[in-house]
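A.B. asks: Can you keep this structure in mind? I'll have questions shortly.
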Amino acid sequence: MVICCAAANCSNRQGKARRGAVSFHRFPLKDSKRLIQWLKAVQRDNWTPTKYSFLCSEHFTKDSFSKRLEDRHRSLKPTAVPTIFQLVEKKQDKLDYVRSRRKIARQVPVRDGEPPREGGGEVAHRAPSPGQDLMVMQGTKEMEEAALQEEIGLMSEEEKALHGQVDSPRRRTLGDHLGAKAGAQKKPERSPGEDCARGGWAGSWGADRSGVSVDDFTPPASGACKFIGSLHSYSFSSKHARERPSLPKEQLERKRPKRDVEPSCSSHLLGHDKAVTEVSPTSSLTATPQKPSQGLSASPADLTPRPAAEAVLGRKGDTDANPMSINEVIMSASGACKLIDSLHSYCFSSRQSKSQVCCLREQVEKKNGELKLLRQRVSRSDSQVRKLKEKLDEMKRNSFPYLNSLISQDCETPQLNPVMEPLSWMLGTWLSDPPGDGTFPTMKPFQYLEEVHISHVGQPMLNFSFNAFHPDTRKPMHRECGFIRLKPDTNKVAFISAQNTGLVEVEEGEVNGQELSIASHSIARISFAKKPHVEQENLISWIPENIRKKECTYFVESSQTSDSGRIVCECGYLREQHLDDAAKPPIFLGKEWDPSRHIQEMPTDAFGDIRFTGLGQKTGKYVRVSSDTPPRVIYHLMTQHWGLDAPNLLISVTGGAKNFVMKPRLKNIFRQGLVKVAQTTGAWIITGGSHAGVMKQVGEAVRDFILSCSHKEGNIVTIGIATWGTVYNRESLVCPMGGFPAEYVLDEENQGSLSCLDSNHSHFILVDDGTHGRYGVEIPLRTRLEKFISEQTKVKGGVAIKIPIVCVVLEGGPGTLDTIYNAITNGTPCVIVEGSGRVADVIAQVANLPVAKITIALIQKKLSVLFHDTYELFTESKLVEWTKKIQDIVRSRQLLTIFREGKCGQQDVDVAILQALFKASRNQDHFGRENWDHQLKLAVAWNRVDIARSEIFTDDHDWKPSDLHPVMAAALISNKPEFVKLFLEQGVRLKDFVTWDTLVYLYDNLAPSCLFHSKLQKVLLEEREHTAGSKMPRLQMHHVSQVLRELLGCSTQPLYPKPKHTERPRLSIPVPHIKLNVQGSSLRSLYKRSAGRVTFTMDPVRDLLIWAVVQNRRELAEIIWAQSQDCMAAALACSKILKELAKEEEDTDTTDDMLALAEEYEHKAIGVFTDCYRKDEERAQKLLTRVSEAWGKTTCLQLALEAKNMNFVSHGGVQAFLTKVWWGKLSVDNGLWRVITCMLFFPLLYTNLITFSREKRLQPMGCLARLRAFFTAPIVIFLMNILSYFTFLLLFAYVLMVDFQPTPSWREYLIYFWLFSLVCEETRQLLYDPDGLGVVKMASLYIKDFWNKLDICAILVFIAGLTCRLIPSTLYPGRIILSLAFIIFCLRLMHIFTVSKTLGPKIIIVKRMMKDVFFFLFLLAVWVVSFGVAKQAILIHNEERVEWLFRGVVYHSYLTIFGQIPSYIDGVNFNIDQCSPNGTDPYKPKCPETNADNKKPIFPEWLTVILLCLYLLFTNILLLNLLIAMFNYTFQQVQEHTDQIWKFQRHDLIEEYHGRPPAPPPLILLNHLQLLVWRGLLRRPASHHKLKEKLEKNEEAALLSWEMYLKENYLQHQQCQEKQNTEQMIRDIAQRVDVLAELLDLDRVKRTGVVEQRLGSLEDQVHQSAQALRWMIQALRGNGFSPGEDVAAVGSSKALDIKEFDLEGKPEESQPPYHVLARNLLYPGSHTLRFPVPDEKVPWEVDFPLYNPPAFSAEHKDMAVQDPFSLSLESLLKINYNTMDGLIDRQSFHGLYAVQDGLPLNPMGRTGLRGRGRLHCFGPNHALHPIVTRWRRNLDGSIIRKSLKKMLEVLVAQYPLSDVWALPGGSLEPGETLPLKLKWILRREFWPQFQNLLKQGTEVHRGYLDDPRNTDNAWVETVAISVHFDTQNDVEMKRLNSFLQGCDPELCIRWQVLDKRIPLHANHKELLHKVSTLLGAYY
C-alpha cells in the first residue's frame, strides 16, 4: 500500500518525498487522550483513523522528535501533537521511486467470472493487449519525467548535479517494460462476446520480464483492481511495506467524492498478505521467501532469488525533447491522479455494466491523449539536463572524485564481461524475508535478515557484499565481501569471501542455469583472530551434509498388520509414521510399492551421543545411516569426528542373534580371550550391536574387563552395526540437530519382535533402508565397511601394515553361514568356537574331515541334531546349498581355525585369533619373503612377542640380522622392549643397526610430550633466529649434542661434533633388501644412504641408551644398558641426565619416575664398581679416572660428582682412592704428627720416620726426589697453607690491635703483600681451564662455590678498608672496615676444618641450620615489628628522632625476648630522670605520656602488660621452641647422611690441593711467576692436575672387557636375588598353582574327549561287525541256506555314524577328484550365482533331480568369432561339435563329449551354470600356456639350492586391469598358433623364434583346465609346454630377455622364484608343480 498523509491539504506520500526529509507516523490509537488531540488538530469531519492512517513529519515542530544514538533515526516523542497544518503545497521528490518486484507467475488463464488463479504462492498477472499498453506506457513515463523535472527545478546546482547523476539509471517506466513485450505477445482466440464483456481488453497469457501480465489490465471485476494495483506498484510503491492491507478510506475521500459504501479491493489486488515485500530503493534483485503452502519449501534463512522488475532506462531520444514548465508538470501529474481516482471509483462500484466499461475506456483514451502532450513537453527539457550533467562532471573532478566509484552514469555504464554472462541473473540486491533463525554453539538462538548486493565493473568477475542485521533493531551482525569468478568456457565458479571476523574463505562449485552448488574449499584466519568453535559445530553440520537416512514416500497398505493389529505400509511403518505428503503422491498412483523408487534419501536426523539410563550413565556415539552410505564416509566419521584411532586389528564377531546357552568355562575363556586380544593389539570389535545373542556376550565381556581394570586400560572400541528399523525405542534417538546426549532406555520386556541396543558397546552405526522390522539390512553395509577398513594402511611406531581382519563365530543360523562363506571367499580368516552351538558346531565337527566325506547325508544328520527346533524348515535344496557352502569353507583350511576347549596350544581365544591370522598370512601367496615380513609387522604392531616367538621365529624361516633392522627401529620408536630383546636374541648387532641417519630418524620421532623434544625444538628455533631463516632447520645430531651437554655438564665434550660441510661420520652397514614404509619414509632407503661413508667410531650402544633415557623408558634403557661396555660411566651419565631433566619436568609423576630411575642407575654403577673393587682395587680405581671417549672425555668420578651421586662417591673404594690421592706419594700409614714433624724439620725426611708408597722407586732419585715427593703431597700442601693462614691471621690481628699507625709499618706492608699473594692464587683458580670451557664458564663454576664467594667478599672488604686507611681523613673508618674483613677471614677457617672427619659433618649441619635461621627471622620480624610499633605508639608521643625510633621499635623489642624488659612499661619502676620529657637529650629516650601535675605516666598499664605477656608468650615460648624443633629436625636429617655428605664434599678439598702450587702464601708468588714464564713466555702446555688418566688403546680395551665381564656377573647375581625374594617366590608359586589348575582342567577335558573317541571307535567296530554279519547272512541266503524266520537286522540306524574328526591330527588332503574352481558360487565378472553343486553331485552319471542351473552367456564385442548369445535350438544346431567347425577346433583332448539339447556337456561334470559364460565358444576353448624357466643363480653363477634341490625361476606377467600374476599365455584365437596375451609380451619379430622354442620344449599337460569361467557347456582345455634354459649363457634366453624389455609398458613382467606360495592362479600353480617335478627342482 502507499502511505499517504491523512491531513486534508497535504499531498505527501511515501516515495514522493525526498528520503530523510519527510517521515510518516501512525495515529496513537492505543492512547485515547493523544488521539483526541490529533483528531482535533487534523480537523476532518466524519472521519475515523485506522491503523493505516499516518501523518507526515511536516505537521510537527522540531522539538517533537528525538534521534536514536545507534542509527540517528528520527523518531516521534510519545507526547508529540501535530500543530502545523497551514502548508504551502510541497513539490514531491521523484527520485526515490521503489521498483516493484517481478512475480514469477504460473501461466494459468483466467476465465470469466473466476477469481485470478495463484500458482506457487505467487499472484498470476496478465499483461495488456497491444491496443491498450501504449496508453499506460506513455502516460506513466511522462508523469515520471515531469515529477523529476519539477524536483530538479527546486534544487541547488550541486544537488541538481548529484541527483541527476544518481537518478539517471533509476528512471524506470512502465511503458518501457510493457512495450518491450508487446510485439512478442500472442493473442488468444476469443469469442466476440468475451471480447465485448472484457471491453476489448485482450492479450497474451504470459508474464513479461517486468512482472506485469495481461491480468493486471483486465477491467471487469478483479481485473480492474489488478490494473490499479499495477499502477500503484509502478508509481507509488511502498518502501517499508511487508504486508499489503486494504486501501485506507482517507485516501479515497481525498481523491474522489465520498461514497456511502467503499468496498476494499485489496483482496483482489494482492492475492495474499505477502504478495509485495520490502524492496531496497537501490536494489535490482530481491529475494522473496515462500510460505509453507508454496510449491517449494525452504528454510527461513534461505535466499530464494526472485529478480525484481528490470531497471530499463528511457528510450533513446527521450533526452532530446524540449523543456517544459513546472506548472505543466503539476497539471499533468494532477491529471494522472484524476485518472487513477476515476479508476478507483470504477473499481469500488458494486456493479459494473458494459456501458460503464465503454465509458471508462473513453476516459482512458482521453487521458492518454493528454499524457501524449505531456510527454512532448517533457522532451524539451533535454538542454537543462545536459547542463546539469556538465556541472556534475565538473563537481566530480574538483570535489568528489570518489563518486566515480559510487555513482554510475547512463552513458558510462560498463558492459558485463562475456565470461560472466552465465551469472548475469545474480546481479542486483537480494534480500531475505521473513527473518531466518540462526544458531551457534556459544550463543542463544537468534533471528537475522540478510542482504546481498552483487554488481560488476566490466571485469571478468562479480563483486558482492553480504550484510546480516537484526530484523528489529537493524543492528549489523555479520559482514562479508568478496568476488565471484567463473572459469572461462566452463561452469566452474569460485567465491572468494572475506569476513569481518578475520576469516577468508574460498568456495568452489558449479553453476547450472540458475542453480548454484558450491562447497568450502579452504579457510584462512588472521593470526590474532579468535579461533572458531568447530568441534561439535563441525559434527552437527558435517553429518547431515554427508550422511543420509531413508524414508518411505509412498504409503501402500500391506496385507500384514503391526503387532498391535494396525494397518501398516509395505515398508512396515504406520501411516502416521510417514511424511505428510507420503499418503498419496500423484506420481505414484496406481503403482505397486517399489523400494528402489518409493524410498528416498534425505539428511539423517539421528546422531550424537547415546546415554543408557539406569545403567551407570554409560555414554557412546551413534549415527543413523542409509544402507547405501559409502564406507569411506563412515570410516571418516569414526576416525575424524568420533576421534577413534585406526585399529591394528579388526575383529568381526558374528553368530546367533538370539540368546543361547554356552558352557560356563567356555564362556569365560571366550570373554577373557576376546577382550585380551582387543586390549593388547588395539583392535576394533564389530558386532550386531543388539542386546541379545553373541552381541550380548561381547558386551558383557567388555563390561567385565572395564570393571576389573583402570580407566586408561579399559578403553576398548566396540562398534555395533544394527538395523535402524529393528531397534526398539529408536524414537528417543531422533534429533535433527544431534542428541548430545540422547537418552535411551533398554527395555527388554516390552521390545517384542524388535531388539534393544546393547549398553556395553561404545559406538553404534544404525543402518536404515526405509523399512521397519526387517532384520539383516545391515549385513551388506557391514561387509563393505569391514572390507574397506581392511584395505587401509596404518602407520604406527614405524610399522606400516594393512589392517588385518578376522571373523569370530559363535553359534549362529543361516545368516551366519552366509557370513562365514563370504568371509572365506574374500580371504578373511575365521575362528569357529566349538561348543557354542548350531552352525559353529556343524562346521567345527566336519572341519577335520576330508572334503569328500562331507556329504549331504552327513550335513543332514548334523543339522537334525544341532537344529532340532528348526530342522523342519530345511528343504532339500537348502540342504544341498548348505553342503556346498560347508565344503567350500572346509576346503580353505588355511583360513579356518577351530577353537576347541582343551586343545593343546589353544588355551585362550586370543591365541587362536592371532594364530588364525598368522596361519592365513603364512598360507597366502606371496613373492619371496614378503609374507614373513608381514607377519612380523603384525606381531610388532600388536605387541605380542609370545606369538612372534611361537609362530614367526621358528625353523621354517631363517632370519638374517639385517632383515630385522626396520622392525627393530619400529620396536624402539613404539617402546616395545620385549621385541627389542627378542631381536637382539635373534642376532641383531647394535653396531650394525645404528647409523647416523638412524639416530636422526629416532630423534625425529621423539614423543611430542617428551621434555627432551621440547628442548630440541628450542635449539632449532634459536638456530633459525640466529641464521635469520624463515624455515625451521632440519634436526641434526649436533643439535642433540648441544642439549646433551647442557644435561651432562660442561665438563664433557660434545658427543656429536658438528660436521664440516656435508660429511658426517657413519657406520658402514650392508643394505638390507627390505622395504618398510615408516611414517612416510623408507627405512631401506635410509640404510642405503648410510652405506659407503666414513665409519662412525662412537659407541652405538651409548647412542641408543641416551635416546631411551631421555624419554624415561625404563625397560628399554635397561635392555640397552645390558649391552654396553663402558657400563659404569653409562649408568652415571644416565643418572645425571635424568636428574637434570627431572628439575625441568612439570609433571610430578614423571619427575618421580625420573628420580627413581636415576637412583636405580646409580645403584647399578655402585654394584658394578663393588664387584670390580673386590676383584682388583687398582684396576677399579683406573675405571674411576679413565678418560671415556664415548662420554665426552670425562671420567666416572667426574660424572658422579656432576650428578651428585653421594652414594657412589661415599663408596669405600672411591674414598680409598681419594685418600690415596690426598697422601700423594706418601704412605697412608704415616701418622699426622710425623708429617707435621718432618714439615717443620725437613732433614728428618732422610730417616725412616716417613715412608713413601713407592719408596723403591724413589731411593735412586736421591734427596731431591724425597723433598719433591714430600712437599708436593696434597696433605703437606694443606698443612703448610693452614700454617701460613694462621700466621696471616695472627699478624693481621696484631696490626689491628697494636700496630695500626697513621703510617703503615713493615708488618702492615707484609700483610698487604700476603693478601696480594692470596689474590693471585684466587685469580689462578679462576683462570685455570684445563678442559677448555672458556673464561665465562669457569667464572660461573668458580662463583658457585660457597668458600670462593667468601674469599671474594673478604678480599673486597679488605681492599675497601685499605683504601680508606690510606686516606688520612678516613683512617678510623678504614680500621673499622679492616676489622670486619678480619671477621670474614676468620670464618674462612671453617673450610679448613672440613677435612676433619669429626668437624666436617658438624660444619655441614651448621650450614643447613643457617638456612633455618634465615626463614625463622622472617617469622620473628613480624612479631618484633608489630609489638615494637604498638608499644612505641602507646607510650611515647611524636618521637621524631630516627635513631630512637629504631631503638624503641626494633632494638628494645628484640632485647625484650632475652629478658631486658623496659622499666617504664608498667609504670611501677618509672623514673622521670632516666628519660627526656621533650626528647631534647640525645642520650636519653623521650619520656612516656605523663600527668602534668604529678608527672606520673597516664598510659594504660593494663594494656601494655597484656601486650608484653602475649609478645613474650609467642616469641620466647612458641617461636624459639619452633626454631629448636627445626634445628632438631635438620640435625637428625643431616646426621643420617652426614657421613655421605662429608665424603662427597671431601673430594672438592682434595682436588683443590691436588692441583694447588706447593708453596704456601706469600711464597706461592714464586710458583705463580714460574707458571707465568712457563705458559706466557715459553708457551708450554699446562700440566693436568685433574684426576684423569688417558689409557692406551690395548689397556683400555682390556679394562673395558674386564668391566663388562663383571657386569654380567652383577646382572646374574641380581636375577638370583630377585628369584630369592620372598614376594617373588610367592608370585611364582601362585603362577605355578594356576598353571597346574589349568592343566588339571585340560586333563579332564582331554579324558572326556578320549572317552568319547573310544566310544565312537567302538561304535564303528560294532557297525563294521554288523555289516559283516549282514553280508554273511545275505551270502548264505544266496546259496540256499535261508533260515526259517527272518533274522533281525544287526545294528541300529541310529548307530550308523562315522568318526568325525581326529582330536589332534589333521586329515591328509589329496587332489580333488572333481573341478573346484568351476563350481564357485559367484561367476567371475558378473552377478550371476551358480546353482550349488556338492562334490558328490558333480558327475553327470549321478542323479540330481533338483539340478536347475541358471543360464549365462556374455557378449564379447571385441571378438570377431563367438558362438550365439542365446540358447535357442535353431542357432545351436548350426554348430558342429567333436570336429573342426571352420576355424574353430571343437575337438576335446579327452575324446568325444556328450551333446544334449544342442549343447555339449562338460566332461568333468556339473558346474552349476548353463551357457558359455565368458568363454567364446561352446565346448572346449583351447589355450596355450608356455612355462619359461631357468635356474636361480648366485652372483658367481652357481645354482642356488634349497632342501638339496635346485631352485627355479619362472617368467610371469601381470596384465592390465588385473591384480594377479599369471603365466604368459592364454586362449588361442581361431586359426592362431600363439595366444594374444603372449603376443603382447613378445615383439613381433620374435614370434617365429618363440614358436621354435615351443617345439623344442616339453609338454607337461594337455587336457582340461579347472578354470572359474567353465560352465556346463563350455570349458577350457590347454596345452602347457615347458621351455627351460639350462645354462646361464643361453643365447635364446638372452634374446628373449632383450625382446621382453621392449614390450608393452602397461604390462609387468618379471623372473620370479618358483615356490608353492607364488601368487598365481591356482590352475597355473598346478602346471608349475608339474614342471618342477619334471626338472627335479624345489617346489
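Placed from the backbone N, Cα and C atoms, the Cβ positions cover glycine too.
Note that TrEMBL annotation is computational and uncurated.
Taken from TrEMBL, the feature coiled coil applies to 371-398. The feature compositional bias 'Basic and acidic residues' is assigned by TrEMBL to 109-125, 159-179, 186-197, 243-262. Sequence annotations record features per position, and here TrEMBL assigns compositional bias 'Polar residues' to 279-297. Among the features that TrEMBL reports, domain 'Nudix hydrolase' is placed at 1830-1974. According to TrEMBL, the feature region 'Disordered' maps to 109-132, 159-202, 237-305. According to TrEMBL, the feature transmembrane segment maps to 1231-1249, 1270-1297, 1374-1393, 1413-1436, 1502-1524.
Describe each of these features in terms of where it is and what it packs against.
C.D. replies: Predicted-model confidence for the domain 'Nudix hydrolase' (1830-1974) is 83, expressed as mean pLDDT.
Among residues of the same chain six or more beyond the transmembrane segment (1374-1393), those with a C-beta under 8 A of the stretch's C-beta atoms are 1278, 1282, 1285, 1288-1289, 1292-1293, 1296, 1300, 1347, 1350-1351, 1353-1354, 1357-1358, 1360-1367, 1399-1400, 1403, 1406, 1549.
Within the same chain, residues 1445, 1448-1450, 1452-1454, 1456-1457, 1464-1465, 1485-1489, 1499-1500, 1503-1504, 1507, 1511, 1514-1515, 1519, 1522-1523, 1526 sit at least 6 positions outside the transmembrane segment (1413-1436) and bring their C-beta atoms closer than 8 Å to a C-beta of that stretch.
For the transmembrane segment (1502-1524), same-chain residues at least 6 beyond its ends with a Cβ under 8 Å from one of its own Cβ atoms are 1412-1413, 1416, 1419-1420, 1423-1424, 1427, 1430-1431, 1434-1435, 1453, 1456-1457, 1461, 1465-1466.
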A.B. asks: Using Cβ atoms and a strict cutoff of less than 8 Å, what residues sit near the transmembrane segment (1270-1297) while being 6 or more residues removed from its termini?
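C.D. replies: Same-chain contacts beyond the flanks: 1221-1226, 1235-1236, 1238-1239, 1242, 1245, 1250, 1305, 1307-1308, 1310-1311, 1314, 1375, 1378-1379, 1382, 1385-1386, 1388-1389, 1392, 1395, 1549-1550, 1553-1554, 1556-1562.
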A.B. asks: Please list the DSSP helix, strand and coil residue counts for the domain 'Nudix hydrolase' (1830-1974).
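C.D. replies: For that range the per-state counts are 42 helix, 46 strand, 57 coil.
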